[in-house]
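Taken from Swiss-Prot, the feature [4Fe-4S] cluster binding site applies to C122, C125, C213, supported by sequence analysis. The motif 'PP-loop motif' annotation in Swiss-Prot covers 47-52 and rests on sequence analysis.
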Amino acid sequence: MRMNQQDTHKENLEFNKLQKKLRRNVGNAITEYNMIEESDVVMACISGGKDSFAMLDILLGLQKSAPINFKVIAVNLDQKQPGFPEHILPNYFESLGIPYYIVDKDTYSVVREKIPEGKTTCGLCSRLRRGTLYSFAEKIGATKIALGHHMDDMVETMFLNMFYGSRLKSMPPKLRSDDQRNVVIRPLTYCREKDLIAYAEYREYPIIPCNLCGSQENLQRQNIKAMLIDWDTQTPGRVESIFKSTQNISPSQLADRNIFDFENLPLDRTGKRAEYEFTEAEVSSSNINIDESMFIDVTNI
């Protein structure tokens, strides 16, 4: 019994530490990207996966202590996938005592009709889901749409675009839709997937499998995910470093002519030149007979 009590105490300490870390990361992301503002109505999109459950959990926790007032509404899109347990999310939302909506939209049939057998359906499914959620956000007056993508998702997406699309592009922490009618936020931007997995295990969320439709994660993303896991094992902190690089862009050190004017780089030698970091230099020649008078002291040039 004593060992059990010790184990429980240790587990509680680990959970509290992890919870504080995730809340701090989410709070920092919200603050730094101005994700949530006074009087915002945040539509938290809940799929039933670990990430969206954790996002909702943390948002509700921050809502109680935030210096601003904002509303959180949980929304699940029931896409009519076979075997989807329709009772789980309503029961969960009811247990939390929060406002929620279940949106019924049979995108599953549309995807099955359009995508050939054996091909991944995730791309079309995602687009149909996004369009439905955008429309519903306007209907309920939501000013922000919160999605559960985390740091690993963003880094994976960047490499997918680099390796298979020849684009240096990822997922932004905050995004305005093309028609400018909706703003999407990703509060888990600074959170690692491994922390969310551990958090979900502690919280014992009623996780709903994401592959009820029968579609498997595409091979390209699987390869990228495996690569990042290997890197993270060999060099802890590498994923964080890669993500931070997306926050420190130097357009003049890349090659995109659309974001930096490489064609017009005129010399400007007006004014006094700043001193270089050396005091003297010698210039020599490959000639066999070297004329020492050709050596140049550039100290005062």
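One-based numbering along the chain as shown.
Keep in mind that glycine also has a Cβ here, set from the backbone N, Cα and C atoms.
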Using DSSP, what's the helix, strand and coil tally for the motif 'PP-loop motif' (47-52)?
3 helix, 0 strand, 3 coil
Averaged pLDDT score, the motif 'PP-loop motif' (47-52):
96
